[in-house]
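Summarising the annotation, TrEMBL assigns signal peptide to 1-28. As annotated by TrEMBL, disulfide bond applies to CYS87-CYS92, CYS127-CYS162, CYS390-CYS393. What TrEMBL records for ARG183, THR185, TRP196, SER248, HIS251, ARG283 is FAD binding site. The feature active site, nucleophile is assigned by TrEMBL to CYS390. Under the heading active site, TrEMBL lists CYS393.
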Amino acid sequence: MSKAARGCVRIVTPVLLLLALNLPTTRCGYQLTGVLDDCFCDVESIEAFNNYKIFPKLQKLQERDYFRYYKVNLKRPCPFWADDGQCSIKDCHVEPCPESKIPVGIKSGNYNKYSSELNDGEHVEACDQANELGAVNSTLSNQSKEAFIAWARYDDAQDHFCELDDELSPDVQYVDLLLNPERYTGYKGPSAWRVWNSIYEENCFKPRSVYRPLNPLAPSIGGENGESFYEWLEGLCLEKRVFYRLISGLHASINLHLSAKYLLEGTWGESNWGPNPLEFKRRFDPVETKGEGPRRLKNLYFLYLIELRALSKVASYFERSIVDLYTGNMEEDRETKNLLLEIFKDTQSFPMHFDEKSMFAGNKKEAKSLKEEFRLHFKNISRIMDCVGCDKCRLWGKLQTQGLGTALKILFSEKEIQSLPENSPSKGFQLTRQEIVALINAFGRLSTSIKELQTFKVLLHENSNIG
Ligand SMILES: *[C@@H]1O[C@H](CO)[C@@H](O)[C@H](O)[C@H]1NC(C)=O
Ligand SMILES: *[C@@H]1O[C@H](CO)[C@@H](O)[C@H](O)[C@H]1NC(C)=O
Ligand SMILES: *[C@@H]1O[C@H](CO)[C@@H](O)[C@H](O)[C@H]1NC(C)=O
């Protein structure tokens, strides 16, 4: 693509967003490219649509039994490097991390069992805390457990086109997502860094010749020609750039959740969670991030539009009477489905869409191999999620990558979806319960991110008024 073709664009230009954050803006300074040209979007419309229309409905939908229980295998070993154990927080010297049974009151007081062994007991404390916050609460009522057996029987009787092998593993368990909200866990440091690093470095189509650090802020050594990170990105074909944007958007979204549901200081023991504007600024403020923050948020919007597009495309699959959202309670199932269809209608009424037709539109053979490469890279990223050292982070990482994977599957199956027979099980295109649950909850997370952004804007605005 020529430089000119990538010029100034009308679309997801986050002018409004930047204004709200009190930033200098240059109207055409953003290198938005390609596909987004086909979408007449502005941030304000997306926000209004999301925050007032979609978000409240999604919240309701996610509380439904069908959507609140996610089947997941959290015990799969990391296929790429030796597991570094549960305790992966920075500077935690204890290996393996002690299963602390000390009551919280004692732990946070002056007495610390480990402080004599280690000069700095704080590390252990931080480690314990990370373990505790990162643990998944696998409590399920007996009633739910019984229901799952019926669900499995029902699902097995369906004519599934393909089975995700994960579902067959004995380690697969149901997790109640409402009991395990995604929020700050203290999981950071080398282990977390390694996961994101390998996603960016090894799975984002990075050409070998280009030295490109995970953090585009790192001193740019450049590639062979000394090119900068963004020059490198611009040089990629549309599809690869899209891939990078999706990953970056996902990363931004996850960081937004952690900033919005932060463990607030001084409340450890009482577990008080809320927005932390400092954390938000650290990750997204244009000055503090040297311009990276707005780019990350832009990618978040981009990801949002992609998943929104997928939802609008898959509507006809669900509109068929043969697809139900089975939990065994007919009344509730019908209501759940109606709510879902209502949300699909909303997504279809939203005029600003990403046009995926321009993806993989090149010559047929090339497009096919690119699509396959895309798929493999993505699959690999979902396997990297098995390397996340904190169960709760792993749970949400897996769910969100599976949700995005499902969205991509939908976008690339448009023809198959259109030609589905009305009243017989489809052979060509099918979604498993797990995929459906992941798709909706992953989109729910993005929707929440957009909503949380608004919260931060208000908070930061208040702060600046006070200051
Ligand atoms: C898990 O959730 C249940 C239900 O809210 C609660 O009673 C229990 O204390 C939780 N367990 C842990 C370890 O937090
Ligand atoms: C759940 O089932 C277990 C074993 O079947 C039983 O021991 C327990 O009392 C049950 N709990 C409730 C709340 O019914
Ligand atoms: C998958 O990811 C791992 C870990 O980052 C990497 O070593 C490997 O090259 C990747 N494989 C593919 C096919 O991208």
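Glycine too: its Cβ is placed from the backbone N, Cα and C atoms.
Since we're looking at a predicted model, the values are computed, not measured.
For the pair ARG183 (FAD binding site) and CYS393 (disulfide bond), the C-alpha distance works out to 9 angstrom. In the three-state DSSP reading, THR185 (FAD binding site) counts as coil. Close to THR185 (FAD binding site) in the fold, though at least 6 residues off in sequence, lie ALA130, LEU133, GLY134, LEU258, CYS390, LYS392, CYS393, each with a CB less than 8 Å from its CB. In three-state terms derived from DSSP, CYS390 (active site, nucleophile) belongs to neither a helical nor a strand segment and is classed as coil. A 10 Å cutoff on Cβ-Cβ distances gives ARG283 (FAD binding site) a total of 19 other Cβ atoms nearby, all chains included. Taking Cβ-Cβ distances under 8 Å and a sequence gap of 6 or more within the same chain, the neighbours of SER248 (FAD binding site) are ARG295, ARG296, ASN299.
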